[in-house]
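J.: Have a look at this one before I ask anything.
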Amino acid sequence: MATTNNAGEVRRSSYWADETKARKRASVRQERRALSERRGSKWSARFNAFTGHRVSRHESFPVQKTGWEPRYALDGSLYYFEHETGMVSWDKPDSLKTQHELDEDEAEWVWVPHPKNVWQPARVKSREKSGEVVVRLFDNKTVRIPHIRVMKGKLTGGVSQKVPLWPLKRSALDRVEADLVALPALDEGMIMHNLRMRYESNDIYTWVGSSRNVLISINPFQDLFLYGEDRMKVQKQSAIAEGNGGGMAPHVFAIANDALESLLLENKSQSILVSGESGAGKTHSTKACLDYLAFVAGSDQKAASGGNGRFEMMAASSSMGADHKVEQKVLVANPVLEAFGNAKTVRNNNSSRFGKWIAVYFDRYTKLINGASITSFLLESSRVTILAEGERNYHVFYQILSDPAVRDKYMLMESPEYYRYLNQSKATTADTIDDEADYVEVVDALEELEIEEEEQEWLFRTVAAVLHLGNVEFSEIKMPDGQRGCKLVGDTGPATDHGSTTDVPESIEGSGDKGDRNLSMVGGSRPPAWIALEHAAELLEIQDAALERVLTRRSITVRGEESVIPLKVRQAVQARDSLAKAIYSRLFDWLVNRINESFGEAEGKFIGILDVFGFEIFEHNSFEQLCINFANERLQQLFNQTTFGDEEELYEVERVQFRHIDFEDNQIVLDLIDKRPDGILNLLDDECLVPGGTDERFMGRIESVHADHPRFQGLGSASSKNRAVARSKDDELAFSIKHFAGTVVYDARGFMAKNSDTLYQDLYNVCSYSEDDMTRMLFPPLDEDDRVKVISQSAKFRAQLSELMTILRKTETRYIRCIKPNDAQKPSMFEGRKCLEQLRASGVFEAVEIRKTGYPFRLFHEEFAARYRCINVGYAYSHEDPKLLCREILEASPQAFAGVQIGETRILYRVEDHKVLELLRNLALATVVPRIQTVWRLGLGRRLRRNLIKAEKGLTDAMNAEEPDLVDLETAIDDVPDILGSVGNIFRINPPSLEAARKLHAGLEQWESVEEDFETLEDIEDNTSPDFDRHTAEAYLGDADRLREEGFPMTERQKELYDHVKSLVLGKQAEDEVGELAEEALKEPTRDKVISAARESAGWTMPRNVAVAKIRETAGRYEKLDEDLKRAVDLVDHELLEKAVLEADELEYTSDSVEEAKALLALPDKKFASLELEAAKRHRDRKRRVQRDLRIRELELATHFSKYEDFFANERIRGNVYHGFCASSLRFLRWNSKPSEPSNAILEEIAERHRDSTSTTMSPMSGRPVTQQTGPRSRLGIKFSLNLDSSLLYTGDRDNVSDALRVFGLIKTYMGDSKRGRTDFVARNNAGYELVCMGLDPDADFLHDEIFCQIVRQLTENPKEESIAAGVDLLCVCITAFQPSDEIMENFLTVWVRLHLPDEIYRTFVSTIHEARFSESFDDRVDELMQLDRVAITRAERRESTMGRVPMQPIRNEDINNFRAKHVLGNLRKLFKAYAPPSGSRWSLRHGWEADPWAENKRFESARSLITPEDFGLKSLQGLGSPDPILRPPGGLRGALGRFSSSLRKIPSMSMMTAH
C-alpha cells in the first residue's frame, strides 16, 4: 500500500525501487552500447559524418585490416580473403602457413605403392644417378623405387605394380572433392585417395564432371538413411534452388532428377545406365531411381492419399485412371522380378542374374508417369540346373518351400536339401534374406500388379514342377537290339521299344505297362524318381507316361521316316535339364510380358534405366562372361562416342579454342567378337549347327581365323607378332581377349552346351499337348510341317543388345558406376586394389580425363549471368545482353578469369575458375541469405497465423453451433490439413481447438449410437408394455448420463428421446413432481430453495413444465453470482464488484460476499488502489501491478505536487549551484601546470570565486519561502536566456560541460532563438536531429537531464510564441527518444508539464514515459526510427525530381541532411502521438470510474500557469518547415534501405557515408 511521510514526501514507485529492473535497464543500455560499437559509430557520430561536426570523444573507429584472413563460407567451407585487393582463395596462402607447412609444400611428393590402398603419398628424399628414387613414407620408413619403375613385394601386396611416380602437392591431400574433375591431379593415386576419404566419411557418391551425367556409387553395406521420403524432398527442393547451373551434392536422386528435368524441358527421352559387378549395388541404385521418379511424378497424388509407405504414396488417383497406377506398379514389380531373376552368389546375396531395361513413360502435358515397360535379356537359365559352390538358385524356389500351404498344395518337401536343383551348392540359406517374408511380399505385389489368382496359382505351380522335374533320375539299361538306353531309377519294368514319342499317350491309369511296373515294385512302393515324375506331370497337366518317354527316348525323322532312338543316361539328363530351363525361361518371359500388360500401353518420351552386369574378370571365365563383356564393350563405345564426339562438337559450335581429344576406339574388339562371318560368336553359332560339333573344334576354328588378331591370343597364336600380352594358361581350350578394361582369359569348355538350345522336338510337343491352357501358351502347338526353331543364346542376346543400343542412341545418357568395396560385404572396409580394378573396368579414369582435358563446366549465358552476377557486390551492370553481361561480370571482378571461354551460347571454364566463382557466389549469398530467411520466415509465420485463424474459426463455429452437427464438425476437422497447407507441415502446429473438436466428435458419435438405442424404445408408450425391458432401458440411460456428465451436447431429437426413455424408467409422475417442486420454489424464491429445485430437475433435458425452465435460469444466475463475487473480491476489480453488487440487488440476494464487495466499493481511491496493487502482486499480474503502482504515484504526486512546483528547487540542482564550475573556471584549470592534480588552494579559490550567496524571499507563485542565489550562478538565471557559460547540472567532468554548452546552442537553434533566426529550417532541423543523437549516445546518459533542464529553462517566461511551440515540440520528441535518469527528475518534469502545458500534451507525455519505462519493445522501435534516417536519401531524390532537376544529377549533401533530420524527427513525433488518449499507454490506463486527482486539488488550479494556449494540442505539433506530414516511405524499412543503397551509388562523393 502506498504511504507518505510526515513531510509530504512522495513514495518511490516500485519500478524505481526494484533493483532487478534497474539492473535490467542497465543491461539494456549496455546492449545498445555494444550494438552501437558493432555498427562502428554512435548515433551522434552518424550525424557528424554527414554534417562535418566534430567527432565525439566516445567514437571508436574500426582498425583497418590488411593481409590474408581465414573465413568461412555460407556452407561452412574454409577459404581465405585478402583485405587490400579483395582476392579470395581456397588454398592457404604462404603468409598464413607455419614453417613446417611451408617445408612440406616446398618438398617433392609422389605416389608410391601401398599394400591395401594401392597408392600412398611419399616425400622424395633423393634421386640417385642410377635412376632410383628414395622416398620417405608417412611412417618415416624409407623405400627405394627402382629405375625400371616396376615393383613387386610386400609394399605392392605381392603383385607386380608399375610406379609412374605421379607428382603430388602435399596440401591437396587436405581437401576432399565431391567431383573428381575438381581434383588438382587426375592420376590413380589422387582419385583413389579422394574416393577412399569420402567413403570413410559415409559419402558414397561422387560426381565425374559438372554435367552430372556420370556418378560413382560405392556400396556401403549398411543403411545410411539416404533414401527416405525426407531425403527425396530435400533433393527436390535442392534441385529447384540450385537450378541447372548449381552444384547439387552427388546422389542417385540427383541423376534421376536431372534426367526427369531434361525430359520435361527438352522433350527428349533419357536413359540411365547402371553397371557394376555382382554386389556393387546396381539393383539398389535402380530401385532408388524408380522411387524418386515415382515420388516426384506422384507427389500431388500422395498428398491426396495421405499414405506414408512407399507404395501408398502413389496410390491416389491421377489422370491415368484408377486402373493405371503406373508409379506404384513400377515399384511393385521389383520384388517380383527379384524373386524370379535374382539369386545368391558368392559375392552378393541378392544378385540380379539377368539384364533389365525399365522404361518409364511420362505424359508431356501432365508431367506424370503414364506408362512403363520392362525388357529382360540374358537370363542365366543355366542356374536353374547347375549351381556353383556357395550359391543358391533363384529366390522363388526357396520362397515357395517356406510356406506350408504351398508345400502341401504342390506336394513339396520343406527342406531344400531334398531337391537336386537346390542342394548342389550346399547353400540353402542366405544372410539378410527372409524367404518366408519375401514370399508374402511377392504375393502382395502380384495382386498389386492385377495378376489374377488363377495366373498366380499357375505361376507357382509351374515353379514347383521344375523342382520336381530335377529329381527325376536315370539309370543305364541294355535295349533288346543291343543299344544302350536308360530308364528311371527304380523302374523294374522290361525295356521295350515304344512307338513315336510325339503321340499323346493314354491315361496313366489305363496303361498296362504302368500297372505292371507298379506291381513289380518292392513292397508296392514307387521309387522317388517316379514320384517326382508323376508330381511334375501332374503340375504341368501332362501325362506322366508321355513325359517319361520323351525323357528317355527321342524321335528323329530321316527322309520322311520317323524312328525312335533310346537316350543314354547323359543325354537323358541333358534332355531333363533342357526342359527345366526352357520351362523356367519361358515362364520368366511370360511374367515380364504380363507385368508390362499391367502397366498399360506405353508411348511418348521415357526415362530408361538399364541394370546390366559390369565388366567381369574372374579366375574362370566362360560363355556368360564373354556375352557380358561384349555388352560392356558396346556400352563403352557408346560412352566414348557420346562423350568425346559431343565434347568436340560443342567446342566447334561455340567457337572456342580447344585441344583435339584422342581416344582409343574399341571397334576392333567388337569386330573380333561379333563381325560376320568370322566373329567369335558367329563361329560359335556355326559350330552349334554342325552335327558332331565340339568345343575343341570351335577352339580350333577361332585360333586359325584370328591367329594374327592384335587383341586375340589362343594356344595356336602364341608366336604371333601382333598378339596382345595375355596371361598364360595350360588349358588347350583357353583363349584371351584384350578388352578396354583389361585382358580376360576365357575357357571354351562348355561354350557349345551353353550356347545351344537342346530342347528336342519331343520335349516341346509334350508340353504343347498339356491340358493346361497357360502351359500350352508357353509352348504353342506347331503345324505338322513346322519344327522347333533352334536359336542360339548368343544370337538372342546380340539381337536384344542391338535393339537396346538403337534405343540408347536416341536418348540422352547418364551413367551410374557401382563399385563393390570388398568381397566380405562388410561396412567401412575399402579394399583399394579391388576398387581400382572396378574403376578401370567401368571407364571412370577415361571419363575423368575427357572432362579434365576440355572445359568441364559450361553454362548458357543466361544461366551464368543469373548465377554469378551477384559476385560483384554493389556493382551496377550496364549491359542487358546476356553475352555482354557475362563478360562484364568477369571483368568487374578483382579475380583473374583468364581461362574462361565465352562461346556463342555458353560460358565454358575449368575447375580452377569454377572454384573461385563458387566461392565468390557463397560470399555474396552470405550477406543476402539471412535477410531472405528473415523475410521468408516472417511470411511463413504470417501465413501460418492466417491459416490457423481460419481453421480455428471453422472448428469453433462447428463446435459452438446451437445444435451439434456431426457432419459439420467432421468436415471442419477434415478441412484443417487442407487449410493449413504445406506451411502446417513445416511448423507442425495445430489449431488450439483441434483436440477439443476431436473429443467432441467422438462424443457426438457416441450420442448417435445412444440415439439409435433410444429409437428402439420410442414406440413404447408405457413401462407396463410387454415390449418394455427395464434392464435395457436403464443401460441406455446409463450410457446417456455418462455422456451428459462428460459435457457432450445433445440435439433436440436426442433430448426428446432421453426424456421419453427416462419417463419409461421412472414413470411419468416423476416428471410431474419435479414441476410441482419448481413452482413451489418460485413462489418465495431463496437461493437454497431455487438451487435445490434446479438440481432435482437436472435429470430431465426438455421438461414440459415452464416453471422448471424458470427455476433453472434463476439457479444459474445465483451460481454465477457467487462465482463473480468471489472472483471480484479476490481481484479487487472495481468493474466486477459493481456488476456483482447490481446483480445481487436485482435478485434481492444478501451474503457476506455481497457486503464485502460493497465495503470495497466505498473505500477512498488511494486505499482501493493500494488493495488493487496487492491483488495484482498476489496474482503476478505485471501489467495491472504497474498500472496500479502508477495510479498510486499519480494520486500522491497530485496531492504533494507543490514539492516539485519549483523546477529548480531540486535538491540536486540546488546543491550543484554551490559546488559547480563555470566555463571560466574550467579554462583556468586547463591552463594550470598540473590540471590533473590541482592544489587545494586553487580549488578553494575557484570555489570561493563562484560560490553563490543566498537570501530568502516569498515566492509570488507558491506563497512559500524560496532561497535565492546572488552569486555567479544566479546570473545564469532559471528562465529563458540567450547565454549560458556552464552546465545547469553538476557533472564533475570538463568535457561534459562542453557537451552541455553544445546542447544549449542546439536548443536555441531549434527554437529559433539563435542568431540564424527562425526561417533557416535546414539548420534548425539539423540541430534538433543532432540533439536527439547526442541524447541517444549510450555513453552520454548524463545529458538526458541536462537536455530536459535546458529545454524547460528556455520555455520558462519565453516571450516568443513560435519559440515556445518549437520548444514544446522538441520536448515531446526528446521524451520519446530518451527519458530522465531517475524518478526525482521525472517527477519534476511531469509536474512542470502538468502545470504549464495543456491536458492532451500532459496525458500523451506521461503515457510516452510509461511506455518507455515498461515496454520491452520501445527501445527497438526508437532504434528502428533512427535507422530510417537513410530513407531521407530516397525522399531527397524524389523531391529533386519535382523541382525540375535532371533525375541522374547528384544530390546535394545539405538537402540530404535536411530531409534526414526532418524524417527522423517526424517519426519520433509520430510515435509520441501514438500514445495520445484515449488509448494512451497500456501501462498508464485510467479507468472510467477513476477521477482525475489533479482536478480534486484546489491548490493545483491556482498554481497552474499555461505557457501555451488551451487549444494547443497534438495537432499543433507539426515540426519545422513545410506543414506536410512526414510519413514512412512505402515498402517499409526493408524496401527503404534497398532504395537507399541504390540511390547511394549515384552519389560519387559519399564514401564517408557508405562507411557508416
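Glycine residues also receive a Cβ, built from the backbone N, Cα and C atoms like all the rest.
All annotation found in TrEMBL is predicted automatically rather than curated by experts.
Per TrEMBL, the feature region 'Disordered' maps to 1-35, 491-519, 1251-1272. Positions annotated as domain 'WW' by TrEMBL: 62-95. Under the heading domain 'Myosin N-terminal SH3-like', TrEMBL lists 105-155. The domain 'Myosin motor' annotation in TrEMBL covers 175-922. What TrEMBL records for Gly276, Glu277, Ser278, Gly279, Ala280, Gly281, Lys282, Thr283 is ATP binding site. Here TrEMBL flags 801-823 as region 'Actin-binding'. Summarising the annotation, TrEMBL assigns compositional bias 'Polar residues' to 1254-1272.
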J.: Taking the centroid of the Cβ atoms of Gly276, Glu277, Ser278, Gly279, Ala280, Gly281, Lys282, Thr283 as the ATP site, which other residues of that chain lie with their Cβ within 8 Å of it, listed in sequence order?
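T.: Going along the sequence, the neighbours appear as Asn219, Asn348, Ser351, Ser352, Gly614, Cys818, Lys820.
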J.: For Lys282 (ATP binding site), just count the other CB atoms lying within 10 A of its CB, please.
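T.: Total other Cβ atoms inside 10 Å, all chains included: 28.
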J.: With DSSP helix as H/G/I and strand as E/B, how many residues of the domain 'Myosin N-terminal SH3-like' (105-155) fall in helix, strand and coil?
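T.: Counting residues per DSSP class in the domain 'Myosin N-terminal SH3-like' (105-155), I get 4 helix, 26 strand, 21 coil.
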J.: Could you put numbers on the helix, strand and coil content of the region 'Actin-binding' (801-823), residue by residue per DSSP?
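T.: In the region 'Actin-binding' (801-823), the DSSP-based counts are 9 helix, 8 strand, 6 coil.
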J.: Would you mind listing, in sequence order, the residues at least six apart from Gly276 (ATP binding site) in the same chain with a Cβ closer than 8 Å to its Cβ?
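T.: Ser217, Lys282, Gly614, Arg817, Cys818, Ile819, Lys820, Gln838, Ser842 - these are the non-local Cβ neighbours of Gly276 (ATP binding site), listed in sequence order.
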J.: Same-chain residues six or more away whose CB lies under 8 A from the CB of Thr283 (ATP binding site)?
T.: Glu338, Asn342, Asn350, Ser352, Asp611
J.: Compile a sequence-ordered list of residues in the same chain as Ser278 (ATP binding site), six or more apart from it, whose Cβ lies below 8 A from its Cβ; state 'none' when nothing qualifies.
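T.: Ser278 (ATP binding site) has long-range Cβ partners Thr345, Arg347, Asn348, Ser351, Ser352, Phe613, Lys820.
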J.: Are there residues of the same chain, six or more positions away from Gly279 (ATP binding site), whose CB falls under 8 angstroms from its CB, and which are they?
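T.: Expected: Asn219, Thr345, Arg347, Asn348, Ser351, Lys820, Asp823, Gln825.
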J.: Taking the domain 'WW' (62-95) alone, what is its mean pLDDT?
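T.: Taking every residue in the domain 'WW' (62-95) and averaging pLDDT yields 75.
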J.: What is the total of other Cβ atoms whose distance to the Cβ of Ala280 (ATP binding site) is within 10 Å?
T.: 27
